[in-house]
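Feature annotations, reproduced from TrEMBL:
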type	residues	note
BINDING	80-87, 93-94, Arg130, 184-187, Lys195, 211-212, 255-256	substrate binding site
ACT_SITE	His81	active site, tele-phosphohistidine intermediate
ACT_SITE	Glu184	active site, proton donor/acceptor
SITE	His254	site 'Transition state stabilizer'
Amino acid sequence: MYDRGFSSTYDSGVGVIPNSTFNAHALRINSSKASETSIFHFFRKNKINLNSVTCAKSSSAPDEPKKSPKSSETALILIRHGESLWNQKNLFTGCVDVPLSRRGVDEAIEAGRRISNIPIDMIYTSSLIRAQMTAMLAMTKHRKKKVPIVVHKEDDRSIAWSRIFSEQTSSEVIPVVTAWQLNERMYGELQGLNKKETAEKYGKKKVHEWRRSYDIPPPNGESLAMCAERAVAYFKDQIEPQLLAGKNILIAAHGNSLRSIIMHLDKLTSQEVIDLELSTGIPMLYIAKGGKISRRGSPTCPRTVGVYAYTSNLARYRELLENMEE
């Protein structure tokens, strides 16, 4: 009945035992030949947990669909958008909708290479083009090859007109949700001004106060505290429930909205978040497990190998992608 032996590995409760262990003992289970007593004696001797052992079926038995066990952990990736044209010109950008520079495009593509082995089920971006470009370009390098599609729910017409009628195609896309709450901090009357010239006009101390204090806003703009209020509220209400429900999520946003979310996740003080710097196009990885979200790592080199402290689930996912490409 089970004349093909066991599956290739077994969880003994103290580690994984390869199939070669069983081959060495020439153990083959057959309901008409094997002694139940000898089988259990073998399991006890080798400290094998019977509840974890699965048997391979004979070739005459019909194949049953395999059900993937639900993962107990999910991934959260944070990426600050690549360099924008105004970053390049050293201008205050804030909520002005400026696209990526050539360097920013390259940074987004490189970010995609770095996260190409990490599962992604949903993408959240701000309503600004530089964050959306970063997410879209990054996904062109993901090994799963799914297509990011912006979700439009502004009104009934946008919902109807953007509907996908193919189940197959629907299974090959990743929904992209845009939200103004993830926008960059609004810099008020500083937007469009050159940073160096502004420091010369108002004084370095005053400009530093506007840029780096937690609760002092620039003229007619937002403080970091005000930005954090909207960004963290959106994360708690919309993103965190998806993450804890089993969705792997990528957030492509901005320096201050992401600093706010990191402040929430890492439980930073207002002084600690002021000192936090995020480079453009550099992903950060968090893992949600057991109701907690903790930082797993961020890359320090162009390749994912040796960059992230992969969990066992992420390592298996990477292996699965590699097998699909063979």
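Placement of Cβ uses the backbone N, Cα and C atoms for every residue, glycine included.
What you see is a predicted model, and the numbers here were worked out from it, not measured in a lab.
Overlay of TrEMBL feature records on the structure.
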residue: Arg80; record: substrate binding site; contacts (Cβ under 8 Å, 6+ apart): Ala253, His254, Gly255, Leu258, Leu278, Ser279, Thr280, Gly281, Ile282
residue: His81; record: active site, tele-phosphohistidine intermediate; contacts (Cβ under 8 Å, 6+ apart): Leu100, Gly104, Ala108, Leu128, Arg130, Ala131, Met133, Thr134, Ala252, Ala253, His254, Thr280, Gly281
residue: Glu83; record: substrate binding site; contacts (Cβ under 8 Å, 6+ apart): Leu100, Ser101, Arg103, Gly104, Glu107, Thr280, Gly281
residue: Trp86; record: substrate binding site; contacts (Cβ under 8 Å, 6+ apart): Phe92, Thr93, Val96, Val98, Gly192
residue: Gly94; record: substrate binding site; contacts (Cβ under 8 Å, 6+ apart): Glu184, Arg185, Met186, Tyr187, Gly188, Leu190, Gln191, Gly221
residue: Lys195; record: substrate binding site; contacts (Cβ under 8 Å, 6+ apart): Asn90, Leu91, Phe92, Val207
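There are 20 other Cβ atoms within 10 Å of the Cβ belonging to Gly255 (substrate binding site). Packing around Arg185 (substrate binding site) is summarised by its Cβ count: 27 other Cβ atoms lie within 10 angstroms of its Cβ, all protein chains included.
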